[in-house]
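According to TrEMBL:
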type	residues	note
TRANSMEM	7-26	transmembrane segment
TRANSMEM	46-67	transmembrane segment
TRANSMEM	87-107	transmembrane segment
TRANSMEM	127-145	transmembrane segment
């Protein structure tokens, strides 16, 4: 299972790196969309962008842990990489990935124009849309069932998720 998990982590890490590259450098939106995207914090105003960065960082960290860290359930024998991987997954990675996917597709189901107008299809590829809005929940669910994570205390988890949400909202 360790080799398969390493392939999984490396695949998602590389995919998110490529997705971020395409999202930043290869898209050619119309001028009015470009101007709108650059107002008020640029790409950082979108939670989906934050989530892409978080997912990329997490799966890269998980890959590094697969190669150099540990994968044990004994608290005394865990490497710092595994501790960080488990903490990030249990707090920010799962919460952000699930929220982005569920909220995007829920709004899409109610009224697509609210979140992703049909005009975007001409310059925003469907694979990229799914990579940003579908893969996060699929990725974290597969991760949840293939990797044993140690969860933080309830207070530490709630405090971290609340701090992340507050940081995003204040931005």
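Note that Cβ sites are derived from N, Cα and C of the backbone, with glycine treated the same way.
Here the structure is a predicted model, which means the values were calculated and not measured.
If you look at the transmembrane segment (87-107), the same-chain residues 6 or more away from its ends with a CB under 8 A from one of its CBs are 47-48, 50-51, 54-55, 57-58, 61-62, 114-116, 132-134, 136-140, 143-144, 147, 149-152, 156-157, 160-161, 164. Sequence-distant contacts of the transmembrane segment (46-67), counting only residues of its own chain at least 6 positions beyond either end whose CB sits under 8 Å from a CB of the stretch, comprise 2, 5-6, 9-10, 12-13, 16-17, 19-20, 23, 79, 81-82, 84-85, 88-89, 92-93, 96-97, 99-100, 104, 132-133, 135-136, 139, 143, 147, 168.
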